[in-house]
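A.B. asks: Reproduced below are the annotations present in Swiss-Prot:
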| type | residues | note |
| --- | --- | --- |
| BINDING | His78, Ala119, His120, Ser121, Gly151, Ser152, Asn179, Tyr288, Glu370 | thiamine diphosphate binding site |
| BINDING | Asp150, Asn179 | Mg(2+) binding site |
Amino acid sequence: MSRPSTPLLDKAPTPDRLRALPEQDLPQLAEELRTELIDAVSTTGGHLGAGLGVVELTVALHHVFNTPYDRIIWDVGHQAYPHKILTGRRDRIRTLRQAGGLSGFTKRAESEYDPFGAAHSSTSISAGLGMAVASELSGEKRNVIAVIGDGSMSAGMAYEAMNNAGALDARLIVILNDNDMSIAPPTGAMSAYLARLVSGRTYRSVREAAKQVAQKLPKFLQDKARKSEEYARAFFTGGTLFEELGFYYVGPIDGHNLDHLLPVLKNVRDTQKGPVLIHVVTQKGKGYAPAEAAADKYHGVNKFDVITGKQAKPPANAPSYTKIFGTSLIEEARHDDKIVAVTAAMPTGTGLDLFGEAFPKRVFDVGIAEQHAVTFAAGLASEGYKPFCAIYSTFLQRGYDQVVHDVSIQNLPVRFPIDRAGLVGADGPTHAGSFDTGFLAALPGFVVMAASDEAELRHMVRTAAEYDEGPISFRYPRGDGVGVDLPERGSVLEIGKGRIVREGTKVALLSFGTRLQECLAAAEELGATGLSTTVADARFAKPLDHDLIRRLAREHEVLVMVEEGAVGGFGSHVLQFLATDGLLDRGLKVRALTLPDIYQDHGKPDAMYAEAGLDRTGIVRTVFAALHRDELGHEALPTPFRA
């Protein structure tokens, strides 16, 4: 299929070339950019809706500001694909999220036009403020623009940064991309006119003069003047909250109308002193009918047919882990009315949308606010409820102090279902669930579990529901289960007890999580070479099954721990126990297989696990090396001594 015709876009591969175009050409450029974006993402998959919503804004920003000298920071980065196309990366845009290709987010190592990497939300204003202050300290007149969505404004970090920026009176521009109309819709031409007016030099000069006059009035008249001025501006523009934080507010304006965007951005560029917030209203999926009609379904997409919008989804051999969690929690909630669920703006991603349909009054979406989510759940637990605080592994990092201070130290029975554990593939290192086992298992009294398959996940949901002795977590990966038979309802597992799933005599493989299937496959290969292999499912990283580990250590020559997490997790805890229990004193050969001590770039999970040595081939190779055997499993001959 031929690519769309884009004559203007072909002339503007970089922002300096874009700035050379006359303004009357920019609407056509925006349409060509939108067409190119749709075509590219249809071949790669990725985040489509957000990018379609900021096409005109992206064109306007690069036309008005002198990038890369001026800094544009895209919060989260979902909306940065048009930015990538306009900043010299169009020739690689069809490698998005592919191994060796462009990142799906902004990345400093990828381009000088990406001044700050992102993927987690609500960081742009803080980073932008740091850059703005650095510019002032260096005596430079650099513009710093942070583009943040209204969803990201639900996180406290955004307001912490705005409060600091207002206090510093820093030269910072924040563009609030309101694509859900959750703050205020535009009011047509009058709103655009007022936004243009109040961003201009004349209005601001008059306003400053009026303030100076008011300061000479008696205090009670000063207060009345201030309140009257705030009321008038709030009536027209709705910006009182941002004004109170020290920002000059402009908007709301139509983020798809270049005739409105360009003059406002120029006025702010030319007159700005302290921090300014420009409120633009956009539509997610703008310009592509299927995405406009179903914004949630086109936020993140698989490859799709541009004509029909139909996404290519491979048939599932088993239900997803996320769905198993959601349906299992519903089953437990039917038996226990104290069970409630908490999510931080990810009800669909965590499976709690299903729970919400069944129990709408027992699910709480707190927004992009993981810190609050954890402590909110702690409050529920303190009053006798059973909160399941479902957060992706990578996002739980944002609430770690609350996990320690508000949950663990008080030994409150908050349940943590940890989705997206292990590698997640195309989203890369910012979304990998690598660290939760290590940072949770370090906490005294914290129960840490990992499901090896979907049936085990169902058992762990039941176990967590019944466990009231303190905090408990269970991790599971993105994607479909392995196809095992599912019980109608899970069973309660004995805390701190694993299981043997295959008996052997020479080699022991101790798996924590869904690498169990690779361990079983490796055991078959090892058995074919005469190495009888035991395979065990640890289930628990904390408390460890000491009896099981002792048995494996005493009855086998080689013990290999396998986990889909970083160094410092399950394997480290097992090694600590082996050492303190004296089990290393008899010549046991021990190996710990973990994710490598690097941030792995995006790619396909299977290939990434193979690269890490966490597939069957890597496990077999590790056993052979421990026993000094070659790649075929034959005992290696000693190297002849040479003088």
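Including glycine, each Cβ sits where the backbone N, Cα and C put it.
Help me picture these features in the structure, burial and contacts included.
C.D. replies: Mapped onto three states, the DSSP output places His120 (thiamine diphosphate binding site) in coil.
Sequence-distant neighbours of Asn179 (thiamine diphosphate binding site) (same chain, 6+ residues apart, CB-CB distance under 8 A): Ala50, Gly53, Gly149, Asp150, Val281, Thr282, Gln283, Lys284.
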A.B. asks: Counting across all protein chains shown, how many other Cβ atoms sit within 10 Å of the Cβ of His120 (thiamine diphosphate binding site)?
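C.D. replies: Taking every protein chain into account, the count is 21.
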A.B. asks: Taking the Cβ of His78 (thiamine diphosphate binding site) as the centre, how many other Cβ atoms fall within a 10 Å radius?
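C.D. replies: Neighbour count, Cβ to Cβ under the 10 Å cut-off: 25.
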A.B. asks: Which of Asp150, Glu370 (the binding-site residues) has the most other Cβ atoms within 10 Å?
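C.D. replies: Its Cβ has the most other Cβ atoms within 10 Å: Glu370.
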A.B. asks: Once the chains shown are all counted, how many other Cβ atoms turn up within 10 Å of the Cβ of Gly151 (thiamine diphosphate binding site)?
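C.D. replies: I get 21 for this one.
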A.B. asks: Could you say whether, by DSSP, Glu370 (thiamine diphosphate binding site) belongs to a helix, a strand or a coil region?
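C.D. replies: Its secondary structure by DSSP: helix.
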